[in-house]
Amino acid sequence: MSARKNYPIKNKLPNRRHGGPGAALGRPVEKAKDFKGTVKRLISYLRPHTLKLIIVLVFAVVSTIFTIRSPKIMGDATNQLTDGFIAKSTVNAVSDIQKKVVPELKKQFEKMDEAEKKAVDEAKAKVKEEFDKKIAEKKQQAYNIAIAKANEAIEKKFNETMAQKKQAAYAEAKQKADAMIEQKFASLKQDAYNKAIAEADQKAKNIVDEQFKKNFPGVSDFSNIPGYADALNQAKAEAEETAKQAVDKQFAAQIASAKSAAESNAIKMVDDQFAKQQSKIAAQLSNAKKQAETKAKEAVDAEFAKQQSTMDEQLAKAQDEAVKKVKDSVKKAMLEKGNLTSEQLDAMQEIISLPNVKDIKDNNKKADTIQKLIDLSKKLPQSKNNSMKISKTDMDKGIADVRKYGGAIPFDAIAKTLLILVLIYFLSSLFQFLMQYIMSDVAQKTVYDMRKELQHKLSRLPLRYFDSHSNGDTLSRMTNDIDTISATLQQSLTQLITAVLQLIGYVYMMLTISWQLTLIVMATLPLYIIATTIIAKRSQKYYAKQQNRLGALSGHTEEMFTGHIVVKAFGREPDSIKTFKEINNELYSVGWKAQFISGIMMPLMNFIGNVGYVLIAVVGGVFVTKNMLGLGDIIAFISYSKSFSMPIIQTANIANIIQSTVACAERVFELLDEKEEIPDKSDAKIIENPQGNIEFKHVQFSYSKDKPLIEDMNLEIKRGETIAIVGPTGAGKTTLVNLLMRFYEINGGSITFDGVDIRDINRGELRKMFGMVLQDTWLFNGTIRENIAYGKEDATEEEIVAAAKAAHADRFIRSLPDGYDTVLNEEASNISQGQKQLLTIARALLADPAVLILDEATSNVDTRTELLIQKAMGKLMEGRTNFVIAHRLSTIKDAKLILVMNHGSIIEKGTHKELLAKGGFYADLYNSQFAGNSI
């Protein structure tokens, strides 16, 4: 069997709860009873999405920063454009003045320059001539001194050299003479040595022998006696030394006399040789002096060469002093001739020397030159100043702009700024998209979880809840309230973050531009608050009345549309129109007042804002003229001031939305906190092969403690029995069925199914054993096939058709254009009420339950169809336990047992014939119905 298809519900727009997202400022706001508790609980649903929320916060901050910064960036671009234009105009103006004035000044200085140049040249030449003469004199003096010193040094050195040579010759001659004498006396002296030594050795031997004879008498040969040889050698050595000394003394006088005579002859010979070479020595001395003079001059030249730079500096200094005197003289003459002051003349010369500002590449130099021209122009004589009018007050802004941009409009910088602005807008939009995308995901997942919890909660709520709460209220909690939470999470939450950040950012940016203008904007804030408060209070009561009248109008209109047949049947159209007109007129009156008063809000705020704009424009204009702010700054500030009130209004509106949203969340949480059905036991039983034997034992039940409905009910129904339950409204007929299926829990006693207490059976399994056909049919938006198969998920096509045939529905189904594929609309209004009932019967037949419950199942079909269904039901009921709740007693004549209930108790029971025979309550009901039919 195919799964159920989802078909769109047309023309069903949920009514927006007043004060929810989209509500106008000043409308009444529904407030939560426990605001903080509800907010905490709502936040718990957002905790799984903390990372995404942090990302959203980051995106919101970045996007808002971009949004806040963009007007300032645009203002900066405007400032760049205006400042560049001012810089260009300034440079052009100053350049034009220079082109006009400088040539005139140059003509006046050309003649002075010619005279000055001639005088300067003459002065320089004269100074150089005198300087060269002095240098030549100093150089000659240096030559003379150097030559004299050189000659003196040469003579001294030459004489010392000659003396040294002569002394060396003397020494050499003496040495040679002494050597000849020593050689001459050497052989004689040696012979004397030999003779004297021989005599000395003999005498020493004799003395030693005499000593040994005394010590060793009788011995003639002492050579073998120890110590003899040593004594003999010592004695000989001493004797020989004495002998040599005597010889040396003898020859010393002779040699000294001979040497003296030889040295005198040698000195005389040397003096004779030097006397012969005197002319040659004089020539050598002369030649040495000439060489020394040359070197002395070269040294002087080198020294003067080293001092050349110093001399050049001295010359330049002397020339400068001379030039200065000449210039002063020429200048004095020109001042006297032109009736000028020295300061004026210097200013004129400096103006001429300055380059044209257009030719300067460096921005700072260009600005400094303009500043200098302004200062110099003040020093010019009156006639010259007239042609060079440059006001410092007018040019301060221009100079600053020239220093920043030069003399051109910075189109490159402006283009870069605009490109950055485009990039910022793109990134801001991208972040806003991502922020909305993520928040949509968070919001949808959050409400998805809430709806899921609600759906699960509803499946666990007892029937008591649905009986005590209207379907509209429950539906509103699941749709309108959840939609309000979703819209707030998706839109209002990010708007609140953005609004707060924007409010802070706008104030900060305005303060960075001008705190004075910011005070003007802040001064309008109390006016906004007062106006908003007054209008909100006045409009709120009218909005409340409007909601009340709108609800009354909607209720009246719904009644008239649903009961239009009755209205027409009784001819009450004029009354209906009159009532509608009265309510509509009241709605028009309060609606007009509410809209009128709230409509004053924006014009009044625009008026307050426009007053602020005028003040900003006036004060800002003054600041621009005084160069305190730029034109772009004023444009940016006005943009911020225009946007300043919007976050305040948004924050106030969102605060109302959040209050209403929290109230909606509180209603949802109230539903989630409702008391649930008693949970199934962990060991709940499952009846594998249900028979349908049911027994009520001393059952007690009441909807409220002080009003008992069923007291001590006892009833036993066997498998295959058909039990009919009749009685007046409120007798407890349907309550009996609700207790049987555990839609309500009994207060006392027990109900068993096949001997098992139904409280020990799993609810789902228990209810699968029951099939129900109710008086109020319920069919969902889907195909006829899907509606019949609702009772059995895995039903085959053959089973569906068989069930439809058994319910006598197959014929009318096939008569439809799409047959079993016919889609039933929202309320199944495209088929008749009888056909709806046939489909619900077919659905019950397909489920094939052990116990069948029919609650006026044939009340909405015609007699012919009822007879057909009763025959089919007779076959279906065989072998099953059947409960038939009926108001039409003719439909239960064949029931095996009829229970007559009143005030929650069984007052009669038996077959149809038995009860009629008793003449009791049942007989009265039966007779009253058929008596009415016979009238």
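Note: Cβ is positioned from N, Cα and C throughout, glycine not excepted.
Quick look at what TrEMBL lists:
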type     : residues : note
COILED   : 275-302  : coiled coil
DOMAIN   : 418-660  : domain 'ABC transmembrane type-1'
DOMAIN   : 694-928  : domain 'ABC transporter'
REGION   : 1-27     : region 'Disordered'
TRANSMEM : 50-68    : transmembrane segment
TRANSMEM : 413-435  : transmembrane segment
TRANSMEM : 493-511  : transmembrane segment
TRANSMEM : 517-536  : transmembrane segment
TRANSMEM : 604-624  : transmembrane segment
Among the ranges 50-68, 413-435, 604-624, the one whose Cβ pairs under 8 Å to the transmembrane segment (517-536) are most numerous: 604-624
Residue numbers, six or more beyond the limits of the transmembrane segment (413-435), whose CB comes under 8 Å of its CB atoms: 56, 59-60, 62-63, 66-67, 69-70, 73-74, 76-77, 80-81, 84, 494
Chain residues outside the transmembrane segment (493-511) and at least six past its termini with a C-beta under 8 angstroms from it: 56-57, 60-61, 63-65, 67-69, 71-72, 435-436, 439, 517-518, 521-522, 636-637, 640-641, 643-644, 646-648, 650-651, 654, 658
Reported mean pLDDT - the coiled coil (275-302): 75
